[in-house]
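The next block holds one structure in the form of structure tokens; read it before the comments.
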Amino acid sequence: MGWSYIILFLVATATDVHSQVQLQQPGAELVKPGASVQLSCKASGHTFTNYWIHWVKQRPGQGLEWIGEINPNDGRSNYNEKFKNKATLTVDKSSSTAYMQLSSLTPEEFAVYYCARSDGYYDWFVYWGQGTLVTFSA
């Protein structure tokens with residue numbers, strides 16, 4: 001009977017740790033066409049440097065587009081070819097925050113931008129930020 005309780009405790013603890021993972025993003029950014037914007041993604045509930053952070057774009061009525069990923073431990077990054085000259089990914093380890101700078105914004109960049117993280121074992125994204133809507137001011 002003792003082993004059952006130990007296993008139950010370990011499962012409950014692991015589930016609780018998973019439920020604590022958060023990726024916090026601002027709700028919206030208002031920018032002028034041609035300007036640049038820096039989006040943030042503050043991680044908590046896990047060791048920031050252990051997991052790659054991904055960025056994903058979604059335009060209204062369209063599917064998801066993977067922009068790129070960054071390794072918070074050493075700053076290595078990989079980009080979708082389409083976004084290589086548009087997005088720049090960086091991290092600040094001291095604040096457990098990932099950033100994506102978008103330059104020379106056009107109406108094409110009117111979209112919601114999500115940061116995401118895998119569970120560390122598989123490639124799909126288990127944890128998502130709430131997304132930041134980039135809208136344009138006149």
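Going from the start of the chain as shown, residues are counted 1 onward.
From the backbone N, Cα and C atoms, a Cβ is placed for every residue, glycine too.
Database features, via Swiss-Prot:
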{"type": "DISULFID", "residues": "Cys41-Cys115", "note": "disulfide bond"}
{"type": "REGION", "residues": "21-49", "note": "region 'Framework-1'"}
{"type": "REGION", "residues": "50-54", "note": "region 'Complementarity-determining-1'"}
{"type": "REGION", "residues": "55-68", "note": "region 'Framework-2'"}
{"type": "REGION", "residues": "69-85", "note": "region 'Complementarity-determining-2'"}
{"type": "REGION", "residues": "86-117", "note": "region 'Framework-3'"}
{"type": "REGION", "residues": "118-127", "note": "region 'Complementarity-determining-3'"}
{"type": "REGION", "residues": "128-138", "note": "region 'Framework-4'"}
{"type": "SIGNAL", "residues": "1-20", "note": "signal peptide"}
Note to self: Within the same chain, where does the region 'Complementarity-determining-1' (50-54) have neighbours whose Cβ lies under 8 angstroms from its own Cβ atoms, ignoring anything closer than 6 residues to its ends? I mean 6 or more beyond.
What the structure shows: 23, 41, 43, 66-73, 89, 91, 98, 115-118, 120, 125
Item checked: Surrounding residues of the region 'Framework-2' (55-68) on its own chain - C-beta under 8 Å, 6+ positions past either end -> 39, 41, 77-80, 82-83, 87, 89, 98, 100, 108, 110-116, 125, 131
